[in-house]
Structure formats: C-alpha cells, structure tokens
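Undergrad: Have a look at this one.
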Amino acid sequence: MKVRTLTAIIALLIFLPILLMGGTTLMLFAYLLALIALKELLNMNMIKLISVPGIFSALALIIIMLPQSAGDWVSNIQLKSLIAMSFILLSYTVLSKNRFSFMDAAFCLMSVAYVGIGFMYFYATRSDGLHYILYAFLVVWLTDTGAYIFGRLMGKHKLWPVISPNKTIEGFIGGLICSLIVPIVMLFFVDFNLNIWLLLLVTIILSIFGQLGDLVESGFKRHFGVKDSGRILPGHGGILDRFDSFMFVLPLLNILLIQM
C-alpha cells in the first residue's frame, strides 16, 4: 500500500505540471506514454518492440498520433502508413516462415490503432481546453472510486466474471452515479456550452465506456495470462493499466462534446 501511494504521489507530481503546460511538452509526453503502452501490449503477445514488426508498429504509431492541426496532409499520410504497414507485416509472415503469423500481424495493427488513437486524443483534448481534459480525468477517477466503494459495500452480482471476477453490477452502477458529481460541480466554474441534462447524458455515456475500456484491457490480460500490462508503475502495473479507460473516453468526449 505504501509503494502504491508513493508511486501515485510521484506520478502526479510529474504528470500535473505537464498537463497544465500543455502544448508541445504534453504532446511529447503523450508520445512517450503511447510508445510504452504499445510495448506493453506487444509484450503480452510475445512481440518485442525492438523487432521488425515492433519497429514498424512504433513508426506507424508515431504517424497515427500526428496532430490533425498540422494540415490535410496528415490524414493522407496516416492512411498510407496503415496500408504500407499492412503490406509489410503480411509480407513478414512469409519471410519469417509463419513464425510471425497472420494473427500477429492483425494484433500489431489493432495495437497501433487502439493505443495511437487514445493517446492522440489525450493531447488533442488538452489543446481544446484544460477543462475538457480535467473533466475526462475526473469522470474516470470518480467512476473508478464509485465502482470500488459500491462494489465493496453492496457488490453481490458479478458484472463479467470471465473477464474481471471482482467487478460487480452494483459497482458498475455506483461508478455511474459518482461520475455525475463531476458535471454538477464543474458547471459552477466552467461553461461547456451545453445544458445540464445533455452534459449529464454525455457523462453517463463516458462513464459506461470508461468501464468498458477497463474491461477490454482486463480481457487482453486474461487472454494472454498476465496480471498487469507492465511494471513501470510499482503497485499500479503498467501505463495501460492506468490509461485503459481513457482509450475509450477521450475519443468519445471529442465526438460528443467538443466536435458537436
């Protein structure tokens, strides 16, 4: 418990100033986190980052995360890079004499999309306003807190025991309820250009998909037989263990709130 608490304090001391600064500093930080998350995901499938598929996956990730504000050429190069990566990885299945399989190639492509889109929206959301990223983090944190408290106090019905045995339906509902505190409080300080009822609806959707994102990563770990995605955060696991909910929440936040 002491290790977990100390890790959280150190992480916050590093993370919060970078989040407040935003800009290029945050973008580079997002790239670093994304590369670590990609490494964690590939490691689950016994694919090393320093390997032919690992290196091409990392290059594709970097391109996928290019800021859309840089111009129309970004979308064009992103599409071409994914097409090129598909051909390269499929060709490598032949060159490796099927030691690197078709399923491995598909896994690399999925990993790049999953991690790249999530972390691209991490810095993109901050660029749209500090209040948006704070809103996202608070929704996820209060959802997690509510799910834990309600699950411990009232949890009797398993939510999805095959994937995550400790999660309960009561915890799921408790997370939704606690997440609603965020918009109610933030509206006193921030104008989201949205009425309270729509913002509450958006919050419920984000809370649901945040918990779904958590279950998706739990599914990855259970499928590959690992407890944590990594060890970089003592007491907490890996980067994916901390950011799994945000992989779903941040893109949805942009679609439902920022781009409306």
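Cβ from N, Cα, C; glycine included.
Quick paste of what Swiss-Prot says about this protein:
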TRANSMEM  9-29  transmembrane segment
TRANSMEM  46-66  transmembrane segment
TRANSMEM  70-90  transmembrane segment
TRANSMEM  102-122  transmembrane segment
TRANSMEM  130-150  transmembrane segment
TRANSMEM  172-192  transmembrane segment
TRANSMEM  196-216  transmembrane segment
Undergrad: Out of 46-66, 130-150, 196-216, which stretch has the largest tally of CB pairs under 8 angstroms to the transmembrane segment (102-122)?
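TA: Of the candidates 46-66, 130-150, 196-216, 46-66 scores highest.
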Undergrad: Most CB pairs under 8 Å with the transmembrane segment (9-29): which of 46-66, 70-90, 130-150, 172-192, 196-216?
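TA: Maximum Cβ contact count belongs to 130-150.
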